């Protein structure tokens with residue numbers, strides 16, 4: 001039977017969500033159509049009453065997938081688009097919000113089931129690339145969830161598969177104490193088993209005192225996990241182990257999950273300089289990007305020192321055009337003799353040279369004889 005109805009299931013326990021949105025669902029068992037928030041997690045469709053709900057109410061296992069086809073019948077909402085999901089045991093009719101949403105649902109479902117992007121799909125290149133990434137994630141999830149293949153009857157190694165949110169790395173005694181201390185949050189958890197790669201489920205209920213039970217969960221070499229009871233129950237994944245126990249207990253067994261909370265505002269403790277009292281303050285948040293921090297005084301002083309230490313360069317002279325050199329005239333022979341006479345007459349210190357004196361005396365003597 002592919003359709004499973006659950007009570008009190010947490011969204012945080014589900015595998016990775018590949019695609020989600022509102023779908024109107026109607027199967028042979030449903031008397032009326034219902035608009036449900038639908039999540040494709042792993043190879044399973046999970047249905048919620050509203051988007052904000054954390055507990056899903058139904059799920060459809062896609063391992064019984066046969067085909068998915070368009071439904072051309074008209075709907076009162078002209079923008080709506082119908083398609084049929086054919087499984088081995090039933091046929092489910094869905095109505096998407098529009099044609100694009102229908103193509104996306106068909107593409108994601110076929111990609112997860114067939115582990116390949118369908119060739120005949122009317123989507124944009126970016127959407128097709130997202131489908132390829134979804135196929136890679138689903139292949140990795142399947143490989144991690146499946147136990148390793150062992151030979152020579154060797155014991156299987158420790159598994160690091162996809163564990164549910166109620167898994168806690170505690171011992172048998174620590175599990176009992178944890179369930180007793182956190183009874184308000186849940187009464188069932190998954191923990192490591194005592195046989196290496198095995199697991200165990202510990203439950204705690206109250207009936208005139210505490211009733212604690214431990215169930216061994218062992219991985220099978222051929223795949224899946226076995227709940228080791230009088231009538232062993234084989235489940236595909238550890239998630240299915242927890243789902244099975246919740247279903248069989250009609251929701252009485254509740255997984256113990258710690259949901260981490262985070263602050264919504266930035267706060268700090270401030271001390272008043274006047275009265276010395278300390279109080280919790282909230283930082284003012286701005287929509288713009290944070291401004292750069294101001295420079296410290298020391299950094300400013302270093303910059304001033306580096307500028308003052310740099311040698312001062314003299315100002316550059318203005319480049320003037322070259323001035324032509326004056327032309328020199330060659331002296332003529334006549335001017336040369338005149339210059340020489342002038343040099344003889346105008347000797348330094350106003351004195352007549354001895355050769356000239358002797359020549360003058362000789363001329364004056366000749367004149368006197370005449």
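Positions of Cβ are set from backbone N, Cα and C atoms, glycine also.
TrEMBL labels come from automatic prediction, so no person has curated them.
The domain 'PH' annotation in TrEMBL covers 16-114.
Marked as domain 'SH2' by TrEMBL: 165-260. Mean pLDDT across the domain 'SH2' (165-260) comes to 90 in this model.
Taken from TrEMBL, the feature region 'Disordered' applies to 283-343.
Residues or ranges marked as compositional bias 'Basic and acidic residues' by TrEMBL: 295-305.
Among the features that TrEMBL reports, compositional bias 'Low complexity' is placed at 326-335.
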Could you tell me how many residues in the domain 'PH' (16-114) are helical, how many are strand and how many are coil under DSSP?
19 helix, 49 strand, 31 coil
Per DSSP, what is the residue count of the domain 'SH2' (165-260) in each of helix, strand and coil?
21 helix, 31 strand, 44 coil
